[in-house]
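Below: the structure, in structure tokens.
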């Protein structure tokens, strides 16, 4: 399954990167089609990104007199003050800079620094920043950092100097301090400058990937909650290994014992593992499957697939892949086992951001088992993630044709159609999709996913009251589904700006499932919004320890690093974004 804990989230689309949830924009949290965005700020005054960047590259101060400013004094005049002589040297430096003569410009800015009275902090900081701009043109990154640091010490909220230092620090591979500087810039500019936002995004992603690579490799495998595991298996209908023990799988002497629990042979690790599945004793499954595989038992293919599935569930894709490869290459194995292995390997590749390999596996699964509804259902979810909505709808239609009673596929088809209409800004098609949701919940009143996806669409349409009702229906049907409580909590924030109610519902989610990483992540995000950065970092760290893939862990580290950078910026410069 693509994600049992969270709704699907396309790779492309409108809205801010998710790390900006932790770099506060100071606006309400908005739950939008499968993701939480902060996107209510005015963008009417934004400049073109290229223009902004050109402004930042140039030194400050005119190279020639401008009306309304102090005219450049003649250096030969005997009565010039030290500051006037410094300004003249700076203006001369600016002329050299614009002519591309950076060494001469540096000499002029150095003269200006030496001439400028120390109490003229604003002017002196400008001279240092201008010299840093010249050093930047020569790729002298250490000198850029030193001069920008002097400028910031004299003028702590000097955006140009902070941003220039951030870029130089990135070049020097000092990502932590780079992030702190660019965070300060983002806050000072109220998140209105594209260049600083892009740099913050880039540095956070790199930091997240670096930390996740190390942490994920050495992490302790963690079994998800029973709720998550059951939700995962419920997304498959043609999955042999998740079905209850069949009559033929029971111990021979038990076949005639009606009404009695099947006792399976000690020699069959796989059958023992299946019994543990029914008892929700999940921790023992991998070891029992290993017994079956090592003994070369009758159910070797099934045991390999079940073991691989649980390796995936505990986040150990490295161990899962060889087992999946073996099942896929077993030409004499049940085709449904091979197709299921391809679906799971394809989903694993998608988690690893290898969409081409993922697509190949799903297509091969469809080739070898054309009447397997699971293939089309899960490939449809993949297509939504890749923003290939028309293909997704086609796959969901194929799934529905094979299994007309598949409420999940019906609901996800509506969601795909809604997303297509919403992003295409087509009100008539949006209404058609909304009518489709009404039809799904009327025909399948027991399908919690139908209500959940409809609630997300209603939230987009700002029909908050009805969305809240849909979440209540979900909770009635699946009272132990923690994710629903998280979404309902987020809705309270957007609808009523009721932070206390939102946090209460998310706390309830954690109470139901203390392994719900989505709940910790969301609570961390809200605590950032409230200015409780230490609490936010604690929540993000809890989510990191529960992450089910390296990619998800990298994203969580990005959120955590963004929050930590804010604490440093607040400490160094007294800069705090507005809070909820």
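From the backbone N, Cα and C atoms, a Cβ is placed for every residue, glycine too.
The annotation compositional bias 'Basic and acidic residues' is assigned in TrEMBL to 43-59 (among others).
Under the heading compositional bias 'Polar residues', TrEMBL lists 64-80.
Residues annotated as compositional bias 'Basic and acidic residues' in TrEMBL: 247-260 (among others).
The region 'Disordered' annotation in TrEMBL covers 42-86 (among others).
TrEMBL lists 244-266 (among others) with the feature region 'Disordered'.
Residue counts for the repeat 'TPR' (86-119) under DSSP, helix first, then strand, then coil, are 27 helix, 0 strand, 7 coil. What TrEMBL lists as repeat 'TPR' is 86-119 (among others).
Per-residue confidence over the repeat 'TPR' (373-406) averages 94 (mean pLDDT, predicted model). The annotation repeat 'TPR' is assigned in TrEMBL to 373-406 (among others).
Sorting the repeat 'TPR' (448-481) by DSSP state (H, G, I as helix; E, B as strand; all else coil) yields 27 helix, 0 strand, 7 coil. Taken from TrEMBL, the feature repeat 'TPR' covers 448-481 (among others).
Among the features that TrEMBL reports, repeat 'TPR' is placed at 517-550 (among others).
TrEMBL lists 20-40 with the feature transmembrane segment.
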Folded-back contacts onto the repeat 'TPR' (517-550), same chain, C-beta under 8 angstroms, at least six residues removed: 5-6, 21-22, 24, 29, 36, 212-213, 215-216, 219, 222, 224, 313, 315, 317, 351-352, 482-483, 485-486, 489-490, 493, 499, 502-503, 506-507, 509-510, 556-557, 559-560, 562-564, 566-567, 570, 576, 579-580
